[in-house]
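Reading through the structure tokens given below for one structure.
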Amino acid sequence: MSLLPRIGSPDDLRALPAEVLPDLAAEIRAALVEKVTRTGGHLGPNLGVVELTIALHRVFRSPQDVLVFDTGHQSYVHKMLTGRLADFDDLRQGGGLSGYPSRAESEHDVVENSHASTALSWADGIAKGFEQTGELEARHVVGIIGDGALTGGMAWEALNNIAGAPDRPLVIVVNDNERSYSPTIGGLAHHLATLRTARSYERVLDFGKRALGRTPVLGPPMYETLHGIKKGIKDVVAPQGMFEDLGLKYIGPVDGHDIPALEHALRRARSFPGPVIVHVITEKGRGYTPALQDEAERFHAVGILDPETGQPLGTKGTTWTSVFSSELVEIGRRRPDVVAITAAMMGPTGLDKFCAEFPHRTFDVGIAEQHAATSAAGMAYAGVHPVVAVYATFLNRAFDQVLMDIALHKAGVTFVLDRAGVTGDDGASHNGMWDMSIMGVVPGVRVAAPRDAATLREELGEAVEVSDAPTVVRFPKGGVGDDVPALERVGGVDVLRRDDERDVLLVSVGAFAPLCLEVADRLAAQGIGVTVVDPRWVVPVPAALIGLAAEHRLVVSVEDNSRAGGIGSGIAQALRDAEVDVPFRDFGIERRFLDHGTRATVLGELGLTAQDVSRAVVETVARLEHVRTGGEDEAAGAVQQVEQDGAAEA
Ligand SMILES: Cc1ncc(C[n+]2csc(CCOP(=O)(O)OP(=O)(O)O)c2C)c(N)n1
Ligand SMILES: CC(=O)[C@@H](O)[C@H](O)COP(=O)(O)O
Ligand SMILES: [Mg+2]
């Protein structure tokens with residue numbers, strides 16, 4: 001590796017002679033495999049954009065010119081070419097390099113949001129802004145969007161606006177590798193395929209141009225002839241594409257691994273005085289041969305792998321996703337009316353098993369959560385029960401559809417939210433920390449937060465029985481722990497522990513049951529009696545929970561969701577409405593964006609650990625005791641003891 005370490009900025013890249021660029025691409029690929037198989041991350045998407053990113057940074061001058069990457073998971077090469085190669089050893093680690101663009105890391109990074117289909121709206125807005133400030137003459141704006149992200153509704157809202165301004169320069173690069181996780185679906189995918197078949201004539205043209213470019217006399221007329229031939233071929237092979245029908249200049253398809261062809265196409269686009277699409281054909285995972293190649297879906301984002309075999313090093317036990325996946329198949333066998341919908345994430349959400357057994361009852365709508373939700377309302381109207389499986393954070397995108405198309409019409413639709421709560425290493429926009437807040441304002445909705453595999457199966461079964469309202473079942477990323485048995489069930493609320501003294505009612509939301517039982521042990525060691533309960537269905541707040549609250553001296557809730565509008569605030573409101581005057585304290589995620597890091601690290605930073613919660617509860621109990629008795633010593637003594645416990649453990 002002798003070229004890549006010498007690149008500290010795009011200027012260094014542009015100073016390289018063209019003939020060494022293939023060697024540079026090889027070095028980048030080797031660095032990606034070496035680094036990402038150690039840390040985990042988006043190996044496939046980045047292996048596919050090595051040459052494209054080299055060409056982008058040679059033709060455009062970032063940050064003077066603005067490069068906007070859609071979703072941002074394919075920005076590792078961009079980071080290597082903008083001086084961050086040395087930081088890749090800490091990729092996606094707390095305090096280390098983000099797996100997405102990060103303004104704090106570099107002036108070359110613009111969009112940090114990892115939710116897909118936003119780049120073209122960003123680009124349209126930046127171009128409009130530069131037009132206002134008079135900078136558009138001197139600064140090019142480039143949106144780089146994948147074929148998957150192009151299936152998202154926002155992308156078409158942006159294209160409509162961009163195409164409506166034929167005199168506002170803007171470059172759109174479509175990175176077409178025919179895949180999201182799974183193969184890209186729908187009419188757009190078919191159209192891109194049609195355009196791809198014309199790949200050969202673009203190569204003929206490029207070859208002709210370069211060859212003829214060297215014969216100034218004969219060149220131009222011959223080029224015009226060739227161009228005419230190309231136009232003729234194109235009209236036969238690929239009639240005017242929809243992009244041109246929209247009024248967008250179309251350049252392509254271009255071989256996304258041919259740097260000279262890419263630079264040539266991007267230079268043409270850069271000089272075009274209006275909006276232009278460069279359709280680039282790339283291969284996801286290019287250059288990485290182990291078995292993973294044929295599991296492109298898994299290859300999209302990899303865990304820590306053996307760089308030789310490509311096989312995951314960490315063995316995975318039972319995951320929440322696998323429990324859901326198997327249970328939905330069981331439900332599908334007994335309920336022919338149940339159908340499944342994914343937003344381009346069949347495997348990651350666990351719908352692949354259901355699809356294998358019920359292919360005609362499984363629908364992949366592309367990266368289109370809004371359409372997933374409202375089309376589910378339509379399916380419910382037609383008499384089936386849709387189960388929409390998405391990552392919790394992506395439900396944000398379909399809030400209005402859940403509210404106004406599903407809940408308003410009392411449609412029986414079940415949302416299964418995987419990756420709910422702190423996910424960690426994918427950064428701020430991937431944490432599933434808002435779903436219970438936004439669902440909390442939806443009239444009629446019912447939200448379940450299972451604590452283990454058994455309650456996931458049970459609550460999923462209960463959810464699909466509801467035919468007149470939206471239901472939500474949410475669970476976190478990764479491995480599911482052992483089942484946590486209940487001592488009894490009171491009005492639908494599971495009692496997990498009941499001490500003699502009813503000092504504290506500890507409301508455990510979802511997967512935090514083990515944490516809450518550990519908190520109860522710590523409190524009991526301080527002589528504080530605890531009842532630990534799992535409401536199971538957390539929206540609306542169960543009446544039985546309020547009844548239990550009235551029997552205790554302090555109520556505490558712990559949830560893996562934002563405190564703003566979360567279950568805690570729902571409980572507080574229910575206590576007020578029931579005029580149950582008991583002190584209440586809720587623990588959850590502060591209302592801020594979370595930096596990337598492992599889930600455990602982030603939860604620790606949030607104080608969502610057994611030690612932190614128990615210490616805080618002891619302090620509260622002590623304060624209440626102080627208020628009740630006015631004494632000083634027992635309050636201070638209890639807190640001091642907890643501090644000592646904490647210090648001993650630290
Ligand atoms: C709104 C939203 N839904 C789902 C995802 C999950 N996701 C991340 S990348 C990806 C596939 C993107 O495909 P494409 O745009 O073609 O990029 P590629 O990975 O092929 O380079 C998906 C579905 C997301 N980031 N945002
Ligand atoms: C970029 C994106 O949205 C996904 O690829 C995500 O990074 C994968 O997350 P999981 O690893 O939790 O499936
Ligand atoms: Mg793609």
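Cβ from N, Cα, C; glycine included.
Check TrEMBL against the ranges 167-188, 211-232, 255-276, 629-650 and you find region 'Disordered' recorded for 629-650. For the thiamine diphosphate site, TrEMBL gives HIS73, SER114, HIS115, ALA116, GLY148, ALA149, ASN177, TYR288; the one candidate out of GLU369, GLU458, GLU459, GLU462 that the record lists there too is GLU369. Pairwise Cα distances among HIS73, SER114, HIS115, ALA116, GLY148, ALA149, ASN177, TYR288, GLU369, which the record gives as the binders of thiamine diphosphate, peak at 31 Å. Taking all protein chains in view, 31 other C-beta atoms sit within 10 angstroms of the C-beta of GLY148 (thiamine diphosphate binding site). Close contacts with ligand 3, defined as a Cβ under 6 Å from any of its atoms, occur at ASP147, GLY148, ASN177 among the binding-site residues HIS73, HIS115, ASP147, GLY148, ASN177, GLU369. Within 10 Å of the Cβ of HIS115 (thiamine diphosphate binding site) there are 21 other Cβ atoms, across all protein chains. Each of the binding-site residues ASP147, GLU369 was scored by the number of other CB atoms within 10 Å of its CB, and the largest score is that of GLU369. For ligand 2, the nearby binding-site residues are HIS73; that is, of HIS73, HIS115, ASP147, ASN177, these have a C-beta under 6 Å from one of its atoms. Taking the Cα atom of each, HIS115 (thiamine diphosphate binding site) and ASP147 (Mg(2+) binding site) are about 14 angstrom apart.
On the backbone, the CA of ASP147 (Mg(2+) binding site) and the CA of ASN177 (thiamine diphosphate binding site) stand 7 Å apart. In the predicted model, the domain 'Transketolase-like pyrimidine-binding' (318-482) has a mean pLDDT of 98.
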